[in-house]
Structures are given as C-alpha cells and as structure tokens.
Amino acid sequence: MDSAVTAVLAGKYPAKQHARRVAEALKASGHDGSGVIYLEGTKTRMAEDSDEAVPFRQRRNFYYLSGCELADSYVTYNIDQDELVLYIPAADPDEVMWTGLPLSPEEALKKYDVDKVLASSEINAHLAHYCTNKETAPKRVYAIPDRVCAETTFLPFDDTNWDALSNALNQCRKVKDDYEIALLKRSNEISALAHLAVMKAAKLAKNERELEAVFRSTCLSHGSRGQSYGPIVAAGVNGATLHYQTNDMDLEDPVTGERPSLLVDAGGEYRLYCSDITRAYPLSGKFSVEARQIYDIVLDMQTQCMDMIKPGVAWDDIHARAHKVAISGLLRLGILRGSEEELFEKRISVAFFPHGLGHYMGMDTHDVGGNPNHADPNPMFRYLRLRGTLSPSEVVTVEPGVYFCRFIIEPYLSSPELGKYIDSAVLDKYWKVGGVRIEDNLVITQDGYLNLTTAPKDPEEVERIVQQG
C-alpha cells in the first residue's frame, strides 16, 4: 500500500472543510450565505417480519459533512457561526448487552472533524437554541426533501429552503480534495489486489461464484468491508450482458472442455469511497484469436480516449472518439462494412458499444453531478452518464467495451436500413466472445490525468498471470 496515502488517511476526514465549501456553493448560487444546513444519516430499519436490521448504507451527503458512519445520526452546520455539530445516538442500556457500548460524545469529538457532539435526541432543542437570540438567529434552514424525519421540526426558523442544498452538495462532491483522492486511491489499491487474485485463481476455478468469492475475500482481508456494487463475474457469452449478476455458470464446457474468456467488473469500497475496475482475460491462459482481436480494439479505444483527457475537454468528444476507434477496428475485422464516416453517422457502433464511456466516481460508483440526458434522441449519447467538460480534481472512469449481445445486435441485422452495414457471416465467429470491457479510474489533473488503477491489463501480462496461477 502507498505510504503517502496512509499518511494522508491518518488524519481526520475533512468534514468541516466540506461544510464550508457547501456554504460557499449556496452563496454562489444566489443565496445569502446565511442559515443552518441540516442533514440526516440513514435510519436503522428492520427487515419485514424479522428482528434483524436490513444492511446499513450511510447517506452519502450526510457523510460528506460529518465523516460519520453511525446510524440514526444528524449533522448541522451554522453558516454564520461556522459551527459544525454532530448528533449521535446515546447509549441504550437494553442494547449494550448485545452490541456493547456505543461511541461516546467525547470519543466522537476526537474521531470526527466537528466542533461539537451531542446526543441525537437533542437535535430539536439545539435547532431551537440557534434561534433564541432574535438579532443573531439564522433565518433559514437548508434541507433536502424526503430526507427529514417526522420528529424533526424547523418551526423556530422563518424559512426552510428545500431546493438549494442538494444542488450545492452535488457541485461540491464533483471536485475531490486530497483526502478524498487518497480514499479513492486506497480503494483502487485494494481492488487491484483483488483483481490480481482472481486472475491467479482463474485457471483452476470451476464456477463464476468461486471467483466472486476470491474477489470479495481479498477486499475484506485488506480493509475493504463492502463492495461498491455487486461484482460482475461473467464468463463467455455472459460478458455480453453489461451488468450480469448471476455469477453462477460453470467455467468449462462439459463436452469440449474449452474454457472461455472472463470479464470481471468489480470494485471494493473503502470508508464509503468506491472503485470501479473491469478486466477481461482468458480462463485457459491464452486468448482465442477472436477474443484477442476484440481485446486489442477495446484497449486501443481506452488508450486513445485517455490520451485526450485533460481539463476543458468535452466528455462527449472523448466518447465519440471511442466509437470511431471501435468502428475502425470492427471494419478491419470485416464485421462492419462501409466507410468510417457513414458508419459513424448511422451510429452502427452503438450495436456493439451501447453504453457510455464513463462516469464520475466518488462515494457513489455512478457519482453525482454528471448531468446525464437519458431522453437524448441520439442513441450514441443516451446512456452517457457524464455530459460536459472536465475539470481538475474530478474523478472519472474510462470503460470502453465491445459486446456481442444478440438482443441488441439482431434488430440491426433485421433492419433494411442498417443490416447492410454488418457482415453476419463474419459476425458469427465472434458471438462466443461475449464482451470485452477495460475500465480504469482517473483523477483529472491540471494538465492531464493520474490513473489510480494498477490492475494488469497488458494482454501478454494477463495471459502470463493466468497461466502461472
């Protein structure tokens, strides 16, 4: 693990800095920069007909202003007084026997970057306390609709603004500070180790689920207690399903003994910060001719797109470059027919590369602030989760792919207008490839990018790793 990352993470999560940034964003959006910001953490919720709690997932906006993973908590930021207050559950004698003593306010004050820690039960009293002096009382509270429990009251305030806070948080969360980048780096470090472990286990594995278990256990053993999303472990034709989740197919043909290629899209989560990495490689240790041809196209797509990345560049243009590289490669193989210009104009490559090139990443895998337009009439951009130009300290994924999904491609083949651009006889050799995707996580720098992802992707190297086991 990177010692520089460890040194950064030895400090507190910069919640106070984040609160100030959000206050500045509110002011920049036309508000007077006065008032109280209010956020709630996730509530404990019981499973139906059970005394077990459902798996807990902290609200990301709450964590951004607190650094706290405790359930049933609150945070307020008095903009005028520059005071950040965390409210955590008090000890419940009936629960101590089962779960031990909770974090005390004194311990929480040492752990978190806040000015004061109170009990969750004091939230209404403290909100009212802010308004006791009418001359200095904040007039407004900023909150998020449907994120305020029935027990909380804002009656002491003259006004409640339900519109501005979510947008301000989204704008701030797009741009990562050094601490957040260190968290994302650590998440990537752990996930790279897990991807490497899966590569080494691939040759002898019998079923997709075994390799999912290898990934999860490697992450957990290195401090990543959760996954950023459900791991995708897709062998052969399963790789044509973008978010395949079954992970339960045997890895060897019972008749021929052949082992297909594997696509693994998985990322551990470290202290709520994600990674999102995809690698593809042959389970036998040697790519088939067709699989290697597609792999080389996808790697070229990623390389050319990454060469374009720097502040001020439009993500739409980088995404379009990926399609142009895909068209060139598929023409070279004979899968496509026609001119590159006509194929691009007709959006034929969407049949083989239907998703967006990438997205913002942070506390959510598909992080906030991307401004997607799923109603875009242009099919090439409809599923692009990031629209706009890149800026320093944003974190993006770059994940081109080429897929052979019958559900998507066959309507093109049957179309009188579009079918002529695809050679079905050549295409038949590639259905078994399924899909290839290569995905890295990049921080935008002042003049380019920093690649956080270190998992091997050179085709000869991944073959060697699988062969050696």
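Using the three backbone atoms N, Cα and C, a Cβ is placed for every residue, glycine included.
Mn(2+) 1 binds E399, E439 as Swiss-Prot records it, and from the list D276, D296, D300, D307 the residue named for this site is D276. The candidate list D265, D447 contains one residue that Swiss-Prot assigns to the Mn(2+) 2 site with D276, E439, namely D265.
Around the Cβ of D276 (Mn(2+) 2 binding site), the same chain contributes S228, Y229, D265, G267, M361, T365, T397, E399, E439, N441, each under 8 angstroms and 6 or more positions distant in sequence. Note: the Mn(2+) 1 site is recorded as D276, E399, E439; in the same chain, D265, I277, T278, G358, T397, V398, R437, D440, N441 also have Cβ atoms within 8 Å of that site's Cβ centroid. Excluding D265, D276, E439 themselves, the residues of that chain whose CB lies within 8 A of the CB mean position for the Mn(2+) 2 site are, in sequence, A266, G267, I277, T278, T397, E399, R437.
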